[in-house]
Structure formats: structure tokens, C-alpha cells
Amino acid sequence: MATPAGGRPSQPQPQAQQLSVDFEALSYISSLVEAFQAFDSDNDGLVTAPELRGLLASLGLDKPEHEVRDMLARADADRDGKLSVEELLDVMNAGQLGLGALGALLQSAVPALESAAGPDGVLGADELARLLSVMGTASVEDCMEIIACMDGDGDGAISVEEFRLMAQLL
């Protein structure tokens with residue numbers, strides 16, 4: 001071990017742990033959330049059986065009405081006859097995709113991102129990259145890919161609200 005001029009051996013610096021992100025899984029979850037929001041016709045955060053059927057069809061999963069009703073009955077944890085986005089992700093096995101570490105990182109970044117966002121509440125890849133790179137957990141390329149996966153309209157940015165929702169759902 002090297003000895004600096006002060007005479008004491010230098011201590012090894014802890015390495016920032018790199019985040020391993022399955023971008024395909026993140027993109028899948030993001031597409032489920034976007035489809036959910038598109039089919040939640042009254043914007044109450046819940047989908048009914050007909051809305052669920054349309055949502056599934058939009059994802060290429062055209063199911064007969066009875067299968068959709070069975071799926072809703074199995075996934076409806078609070079038995080209100082509707083599915084929340086969390087219940088949808090559960091029934092679609094999104095929780096088994098191993099994105100918990102990313103979710104924890106994103107949740108810890110939300111307060112700083114709120115202050116980093118522009119006046120319109122929108123985050124670009126550069127804001128996310130700057131913050132997560134400082135946290136030492138994600139490369140700029142990873143941050144750009146995260147934004148791309150979560151960017152529903154393709155403008156290269158996401159709102160703080162969308163970011164917060166995805167962080168909570170992961």
C-alpha cells in the first residue's frame with residue numbers, strides 16, 4: 001500500500017456501486033403504466049373490466065371478456081371491482097423483473113429531481129444524468145436510457161410526476 005507524504009498508508013477509497021438496469025424490463029413496466037393511463041378513461045387511477053380488456057388488447061393480448069373478468073377478480077386485491085396500476089403490475093408479474101434497486105435509487109433521487117426540474121416540472125436526460133452520476137450509481141448513458149424507457153411522448157424528457165410514479169411502482 002502506498003504511503004503518502006504524511007507517512008500514513010492511504011486507505012482504499014470505496015467504489016461507487018454501479019447500477020445494473022434491465023432496460024427491457026423497465027420499458028415493459030413503462031409501457032404497462034402508459035397503457036393503464038391511456039385506458040383509465042375517467043382518470044381516477046383505476047380501470048374497469050372493459051377498460052382492462054382494451055388495455056390488454058393495446059398490448060397485443062386480446063382476451064375474451066370472461067378471461068378479463070377472471071383476471072380482474074384474481075388481481076383485485078381490495079375487491080372494489082377495478083384495478084389500480086399497482087394491481088395491474090402485480091398481475092402482469094412486473095414485480096418479478098428485479099428492478100427493486102432501480103426503484104430505490106429513483107425514489108431517493110425524487111427530492112433532488114424536483115428542485116432540478118425546470119419550471120414546467122419536466123426532467124431531461126441531462127438533469128437526471130447529472131444527479132444520478134453525482135450519486136455515483138449510474139452512467140450518463142444509463143440515465144439517458146432510463147429517460148428513453150420512461151418517455152411516453154418521445155420528447156427526451158419526463159415530468160417529475162411520471163418519474164415519481166415510476167419510482168414508487170418499481
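Cβ coordinates come from backbone N, Cα and C, glycine included.
Binding site for Ca(2+) 1 per Swiss-Prot: Asp40, Asp42, Asp44, plus Glu51 from the candidate set Glu24, Glu51.
Looking only at the binding-site residues Asp42, Asp44, Glu51, Asp151, Asp155, the one with its C-alpha closest to Asp78 (Ca(2+) 2 binding site) is Asp44. Comparing the Cα of Asp151 (Ca(2+) 3 binding site) with the Cα of every entry in Asp44, Asp80, Lys82, these being the binding-site residues, the smallest distance points to Asp44. In terms of Cα distance, none of the binding-site residues chosen from Asp42, Asp155, Glu162 sits within 10 Å of Lys82 (Ca(2+) 2 binding site).
Calculated from their C-alpha atoms, the gap between Asp155 (Ca(2+) 3 binding site) and Glu51 (Ca(2+) 1 binding site) amounts to 27 Å. Taking all protein chains in view, 9 other C-beta atoms sit within 10 angstroms of the C-beta of Asp42 (Ca(2+) 1 binding site). Within 10 Å of the C-beta of Asp76 (Ca(2+) 2 binding site) there are 17 other C-beta atoms, taking all protein chains into account.
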